[in-house]
Amino acid sequence: MSNRVIIFDTTLRDGEQALAASLSVKEKLQIAMALERLGVDVMEVGFPVSSPGDFESVQTIARTIKNSRVCALSRALEKDIDAAAQALSVAEQFRIHTFISTSTIHVESKLKRSFEQVLEMAVGAVKYARRFTDDVEFSCEDAGRTPIDNLCRMVEAAIHAGARTINIPDTVGYTVPSEFGGIIQTLFNRVPNIDQAIISVHCHDDLGMSVANSITAVQHGARQIECTMNGIGERAGNCSLEEIAMILATRKNLLGVETGINAKEIHRTSNLVSQLCNMPIQSNKAIVGANAFTHSSGIHQDGMLKAQNTYEIMTPESIGLNRNNLNMTSRSGRHVIKHRMEEMGYSEQNYNLDALYEQFLHLADKKGQVFDYDLEALAFMEAQAAEDNFYQLQQLVVQSDSTEGVATATVRIDVGGEIKTEAATGNGPVDAAYNAIARATDRRIDIISYKLSAKGEGQNALGQVDITAVYHEQNFHGVGLATDVVEASARALVHVMNLTCRADKVADYKQNMHKNRELGGV
């Protein structure tokens with residue numbers, strides 16, 4: 001049996017299902033490219049039949065990614081498989097992942113079929129998917145609660161039909177390690193053709209067992225783990241990619257397996273996913289939390305000064321986190337910024353040095369010292385602003401009356417090349433700024449969540465504002481970054497305005513396309 005564990009990332013499929021607002025195609029592509037740098041073997045990037053947007057994002061990623069295998073999900077239905085195959089056809093190499101429920105409660109209550117009918121559907125789906133690719137994965141949904149006799153029959157039949165990867169999901173996070181390991185061991189003992197496929201696991205974290213169950217499965221012969229960055233996913237989330245990667249690396253002598261993950265990309269990829277998905281990382285999160293390498297106990301600090309491995313089983317450098325947060329000032333030249341970005345793992349293709357340096361100088365003038373985490377935040381915002389925007393905030397002036405609690409905001413905005421200046425009052429400076437922006441853009445949206453977080457340390461830290469807004473019954477996520485909270489809030493709103501503007505253009509395009517089809521058919 002191979003000692004190589006395949007890392008199957010499903011951040012852009014299962015992970016995205018947990019988000020309040022869908023990611024744009026550009027944002028999904030950013031994450032996909034980061035996952036490729038991270039070294040994931042397979043990335044599941046969407047469910048093409050579910051929506052035109054998902055189809056487009058899968059196709060865009062499939063066309064771009066070269067070093068990881070791109071995968072799309074489909075139910076055990078021919079129309080789903082057709083959509084997946086069509087979206088993936090532009091890829092150099094791809095996988096179709098088809099699934100059906102196998103537990104008694106799912107078969108009877110959800111599918112309302114007999115197990116024999118479900119078995120027949122599974123076999124038919126695998127055979128149909130094999131028409132498009134040799135790389136077909138089949139999942140037994142809710143395998144953790146499936147009677148073991150039925151599970152063995154399903155796995156044997158799917159392999160015989162042509163599946164080269166068999167996925168055993170603990171869909172509702174119900175099992176414990178000894179139980180889940182026993183399921184994997186039983187499959188190896190009882191399925192006669194199991195050597196013709198790779199056994200995969202996909203564990204959810206409802207009882208906090210996803211990582212432990214996945215590691216136990218590897219000890220019993222599984223050689224693919226399905227996971228997400230930061231463990232994001234439905235309900236309590238999925239198995240965390242960064243935890244799996246570092247467990248297998250740190251305990252290699254015990255577990256005897258390895259992955260192809262470039263661990264030095266973990267920190268950067270984790271931050272990108274957190275920012276784009278608007279899902280902050282808890283400070284005590286294993287591997288990537290802010291406190292993961294922090295030692296506050298005096299005894300621990302003394303030990304660390306004498307020998308780092310007294311209290312560190314891995315180093316921050318091993319995940320790409322540099323201990324030396326070198327401070328930079330407005331006197332630092334472009335070469336310093338370029339060097340620091342290279343030290344953090346960013347190539348010049350990942351950012352615009354001139355634009356980043358201009359933003360750096362602006363920030364350095366405001367706060368004096370600029371640190372690595374500031375640069376990363378600026379690079380992230382510079383990448384977000386790289387698209388052509390219909391609305392561009394040029395100036396924001398706010399005045400507050402502390403006695404009456406009323407604020408006045410004046411904004412100057414470039415609206416499609418026309419400069420508009422508007423003023424408005426509100427219940428506080430942020431409300432006033434939002435009202436002024438709404439006037440200038442003549443675009444009304446409903447904000448359903450507002451979140452403020454600090455990016456950096458001290459009183460001059462950058463403030464990041466994340467908002468979720470509803471426009472035409474669709475959720476949009478905007479982000480703004482500035483040393484001033486009101487400015488960050490305004491930038492987040494303008495970001496959302498631009499997203500809704502693009503959504504309108506897409507809707508108009510689709511409407512015209514349908515009209516042209518109707519005219520052509522007359």
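Cβ coordinates are placed from backbone N, Cα and C, and glycine is handled just like the others.
In the predicted model, residues of the domain 'Pyruvate carboxyltransferase' (5-267) average a pLDDT of 97. According to Swiss-Prot, the domain 'Pyruvate carboxyltransferase' annotation covers 5-267, on the basis of sequence analysis.
What Swiss-Prot lists as Mn(2+) binding site is Asp14, His202, His204, Asn238, and the listing cites sequence analysis. According to DSSP, His202 (Mn(2+) binding site) is assigned to a strand segment.
Positions annotated as region 'Regulatory domain' by Swiss-Prot: 392-522.
Ranked by Cβ neighbours within 10 A across all protein chains shown, the binding-site residues His202, His204 are led by His202. Neighbour density for Asn238 (Mn(2+) binding site): within 10 A of its CB lie 30 other CB atoms from the protein chains shown. Within 10 Å of the Cβ of Asp14 (Mn(2+) binding site) there are 23 other Cβ atoms, across all protein chains. Taken residue by residue, the region 'Regulatory domain' (392-522) breaks down under DSSP into 50 helix, 58 strand, 23 coil. Sequence-ordered, the extra residues of this chain that approach the Mn(2+) site, with Cβ no more than 8 Å from the Cβ center of Asp14, His202, His204, Asn238, are Thr10, Pro169, Thr171, Cys203, Asp205, Ser210, Glu226, Cys227, Thr228, Gly233, Glu234, Gly237, Cys239.
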